[in-house]
Amino acid sequence: MNFCSKKKILKQCFFEFLGTGLIIFLGISSLVVSKLTNFHFNHCEISCIWGLGVFISICFCSSVSGAHLNPAITIFLFLSSQFNKKKVIPYILSQISGTFFFTFLIYLIFNNLLNSFESKYNIVRGTKKSLELASLFCVFPKENYNFIHDFILEILIGIIFIIILMKLSEKNNLFKFYKFINPFLIGTLVIIINLFLTSYSNITLNPARDLGPRIFLSLIGWGKLAFTGDDNIIFPYFLIPTIAPIIGINLGGWIYILYIKK
């Protein structure tokens, strides 16, 4: 690999780092502000902020890196021979590093508010009570959750998501003539999924969106609870937002290629 190729890959990875991180920065910040200040966003507004983050990030990254912004999509594109294998690991590391770093930035910005909330409600990091605060950064089990149910649901939504995304990205799609329309529609799809499903189940669709913040939480006091979410050591909760989207998006992608693509 020559110098120019390395420089190009480095630039692409940097854009994946920034793009994925920006989604996290906007989305998690809205949750933190709504929870810890007097400025409250409702569920619809928070969903719109997440969708807007996706829209902005795709517009920002697409011309340079292709705007994967998601390890599951990177893996699918590689397995379907649409992406250079030399870029797979750098892209995935960039995406997860981006969410980790921007979670760190959020923590620095809102550290005083987080500490005040912990003091006010006698919250000790690493205890189950502390999951109320940790859930601002990544997803944790809802009351009476079922591991198998949530895992399968994440897969199913991933299948639907990638099929719609691939259909929107077809070369002969009418929207391809208007560069901002496709990112807007994908952002709108994210808004719809958030609106109708996140209050019922923790749908992430993106391993990096959850794993980066989860790793960060494990380093600042939540420890292994950041990964397990409860007492289930055999099936730790982080497997749902980390592994299920990869399975779902790859299944959906191949369904599209084999049965839908013209």
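From the backbone N, Cα and C atoms, a Cβ is placed for every residue, glycine too.
The following features are taken from Swiss-Prot:
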- 1-7: topological domain 'Cytoplasmic' (TOPO_DOM)
- 8-36: transmembrane segment (TRANSMEM)
- 37-41: topological domain 'Extracellular' (TOPO_DOM)
- 42-62: transmembrane segment (TRANSMEM)
- 66-69: intramembrane segment (INTRAMEM)
- 70-80: intramembrane segment (INTRAMEM)
- 81-86: topological domain 'Cytoplasmic' (TOPO_DOM)
- 87-110: transmembrane segment (TRANSMEM)
- 111-145: topological domain 'Extracellular' (TOPO_DOM)
- 146-171: transmembrane segment (TRANSMEM)
- 172-180: topological domain 'Cytoplasmic' (TOPO_DOM)
- 181-197: transmembrane segment (TRANSMEM)
- 198-201: topological domain 'Extracellular' (TOPO_DOM)
- 202-205: intramembrane segment (INTRAMEM)
- 206-219: intramembrane segment (INTRAMEM)
- 220-234: topological domain 'Extracellular' (TOPO_DOM)
- 235-259: transmembrane segment (TRANSMEM)
- Highest Cβ pair tally under 8 Å against the transmembrane segment (181-197), stretches 42-62, 146-171, 235-259, lands on 42-62
- Query: So which of 8-36, 42-62, 87-110, 235-259 is most in touch with the transmembrane segment (146-171), counting Cβ pairs under 8 Å?
  - Reply: 235-259
- Item | Intrachain residues whose Cβ lies under 8 Å of the intramembrane segment (70-80), provided they are six or more past its termini | 20, 88, 91-92, 95-96, 158, 162, 205-209, 245-246, 248-250, 253-254, 257
- Residues of the topological domain 'Extracellular' (37-41) by DSSP state, where helix covers H, G and I: 0 helix, 0 strand, 5 coil
- Maximum Cβ pairs under 8 Å to the transmembrane segment (8-36) among 42-62, 87-110, 235-259 is reached by 87-110
- Note on the structure: Mean per-residue pLDDT in the topological domain 'Cytoplasmic' (172-180) works out to 65
- Which numbers of helix, strand and coil residues does DSSP report for the topological domain 'Extracellular' (198-201)? 0 helix, 0 strand, 4 coil
